[in-house]
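Enquirer: Below, the features straight out of Swiss-Prot:
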type	residues	note
REGION	1-263	region 'Disordered'
COMPBIAS	1-10	compositional bias 'Basic and acidic residues'
COMPBIAS	52-67	compositional bias 'Basic and acidic residues'
COMPBIAS	113-128	compositional bias 'Polar residues'
COMPBIAS	129-144	compositional bias 'Low complexity'
COMPBIAS	220-241	compositional bias 'Low complexity'
REGION	277-392	region 'Disordered'
DOMAIN	429-700	domain 'mRNA cap 0 methyltransferase'
BINDING	438, 439	mRNA binding site
BINDING	442, 461, 483, 512, 538, 543	S-adenosyl-L-methionine binding site
SITE	464	site 'mRNA cap binding'
SITE	470	site 'mRNA cap binding'
SITE	495	site 'mRNA cap binding'
SITE	542	site 'mRNA cap binding'
SITE	625	site 'mRNA cap binding'
SITE	692	site 'mRNA cap binding'
């Protein structure tokens, strides 16, 4: 024992004196055991025994560490020196208090920290780039300070430099104070001087700080004492920002060109929508110009433009979509009457003018010319009384003093005697196949040449109104029907009344259109020149070729009321086929079980009046008819400004239109063909059908 004057106590006397401190010494081997002889090197704790990393210090060991020892006395005044970058072999400092070394739940690496060691700034700011453990971390090494030579140790000294893990490490380096040390070739490079500008510590790590994603790497710092104020002050903190992450520009590979699910609106569609909006807006509509007045005003003549080309199959369809695009009117304002009647005491002008605006008609029937709403104020009893009067005005009989010729009277009496059997009983006709085929032919002609929309039709020889529904499908605005048989005209008017929402106005007159002008029977508002878009004559025009006067009157009535560009359509027997009589046939008769034709003479002088008797089962009962000389007919039409645009026999029309988009499906809808594609006509009916042909003329 020796007396220590500084501590004022006896301390054990050392047997071996401490060797002089060297400026350069090699680090001790990692697992050196202390000398058993109690030498001074063993007392200096240069080579502490290996410790179990997760084991905490006991209370006895903590008390022993605070005992006065010569090593503590000799090491208190040791000057600061640069330490190696290697992890310290004594992870637990002797002066570390017990509570900070044994904190519950802390990691084993936190127990090995020293107050004089700081974490690398890169280890605090960077996250783990991959899920596996990094070399040197507590999870990837058996020892908390395990080291893998394949990875370089990051240091605060090198945090501001560009590091390379593949660069070979130096075996020795020199510190700022000249002290040298030696380390393995795979260890970290030598630290820069403490006062170098390349390193400024971020903060001093304490055991309570949480560890980062990387394993803690400690850099030994000089031991500071309270007596040295210069070492208690740290360099001011300088924020250190990591390098910005690499930005990859968004440039995906497109599989297709960019597009939109929205349907674009084209300029023509916009113009169409604006036109519809303008027509439906009452504030933008101008008052209709006065067309006719019973006060004596003259109606302005329309100025239609001639047709530039013939209508094609793609221009329109015979069955366009049907909808009510006109405003509906109360039932009390719907009239089936013919000529308008003015209210007594009412002014002759104003709403009594006629014809009305055909483009704004009611879907139920005729407009009677009275102010809207007036009939709605009448009592129901008055309306019932007026209904009878309106029904009486539907048909106008022959003009007073008009006398029919004997042959015309025979024809009129024949058709008047034909009963109206209706659609149901018509199916039992022995020539139902031929009738349906003739209706299909008329539908083709109407579909090809009808004026759309809101056309005006003059039907000469309307019969019982069998074509009313066909013209309804063409969406016409006005229909005027005339026939020589007054009973047939009455039946046509009755059929029109039974139509649900016909969509057009209809007027019917009993009149001989081949002997007298139409102005004798038509009301003033319906006999305006160039008023009609279509004039039709179906299976009746051949009656006009009794003489030249009737033929010319027929052409005059057509040409006068047909506008420029309007179409005149019709069906007539083919005179060339009828004149193909056998030379040895003395009876001048031919036909089959369906029809028969008998001439009175084989050769006839002139082009008019060549008559024959025609019989058709369940249709025509031996009435006189006349051949139509085609060349003469075309010549008469040309004199009146009508140009031939269409001429085909019935079998040619069938061959041409049976596969068309518009008229091919009509063969099945109208019953010409059944579901198996079989025709309802037999050979005799087909022979009778081929006796006729269809035509169309355009007014120039």
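Placement of Cβ uses the backbone N, Cα and C atoms for every residue, glycine included.
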Enquirer: What is the number of residues in the compositional bias 'Basic and acidic residues' (1-10) that are helix, strand and coil, as DSSP sees it?
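Expert: The composition, in the requested order, is 0 helix, 5 strand, 5 coil.
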Enquirer: I need the least crowded one of these recorded positions (483, 512, 625), counting other C-beta atoms within 10 angstroms of each C-beta.
Expert: 625
Enquirer: Within 10 Å of its Cβ, which one of these binding-site residues (438, 439, 538) has the largest number of other Cβ atoms?
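Expert: Answer by Cβ density within 10 Å: 538.
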Enquirer: Which one of these recorded positions, 543, 692, has the sparsest Cβ neighbourhood, judged by other Cβ atoms within 10 angstroms?
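Expert: Counting other Cβ atoms within 10 Å of each of the recorded positions 543, 692 gives the minimum at 692.
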Enquirer: Are there any residues at least 6 positions away along the chain from residue 470 (site 'mRNA cap binding') with a Cβ closer than 8 Å to its Cβ? List them or say none.
Expert: 439, 442, 443, 446
Enquirer: Cα of residue 464 (site 'mRNA cap binding') to Cα of residue 512 (S-adenosyl-L-methionine binding site): how many Å, rounded?
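Expert: The separation of the Cα atoms works out to 15 Å.
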Enquirer: Among all the protein chains here, how many other CB atoms are within 10 A of the CB of residue 495 (site 'mRNA cap binding')?
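Expert: 19, counting other Cβ atoms within 10 Å of residue 495 (site 'mRNA cap binding').
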Enquirer: By a simple count of other Cβ atoms within 10 Å, which of 442, 464, 542, the recorded positions in the record, is least packed?
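Expert: Candidates: the recorded positions 442, 464, 542. Fewest Cβ atoms within 10 Å: 442.
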Enquirer: Need one number for the S-adenosyl-L-methionine-binding residues 442, 461, 483, 512, 538, 543: the maximum pairwise CA distance in Å, whole number please.
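Expert: Site span for S-adenosyl-L-methionine, by Cα atoms: 22 Å.
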Enquirer: Report the same-chain neighbours of residue 461 (S-adenosyl-L-methionine binding site): residues 6+ apart in sequence with Cβ closer than 8 Å to its Cβ, ordered by sequence.
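Expert: Within the chain, residue 461 (S-adenosyl-L-methionine binding site) has Cβ neighbours under 8 Å at 482, 483, 484, 513, 537, 538, 539, 540, 541, 543.
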Enquirer: Out of 438, 495, 512, 692, the recorded positions in the record, which is closest to residue 625 (site 'mRNA cap binding') when you go by Cα distance?
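Expert: For residue 625 (site 'mRNA cap binding'), the spatially nearest of the recorded positions is 692.
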Enquirer: What does the structure give for the C-alpha distance between residue 692 (site 'mRNA cap binding') and residue 495 (site 'mRNA cap binding')? Integer Å is fine.
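Expert: Distance between the two Cα atoms comes out at 27 Å.
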Enquirer: When the Cα-Cα distance from residue 438 (mRNA binding site) is computed for each of the recorded positions 495, 512, 542, which gives the smallest value?
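Expert: Closest recorded candidate to residue 438 (mRNA binding site) by Cα: 542.
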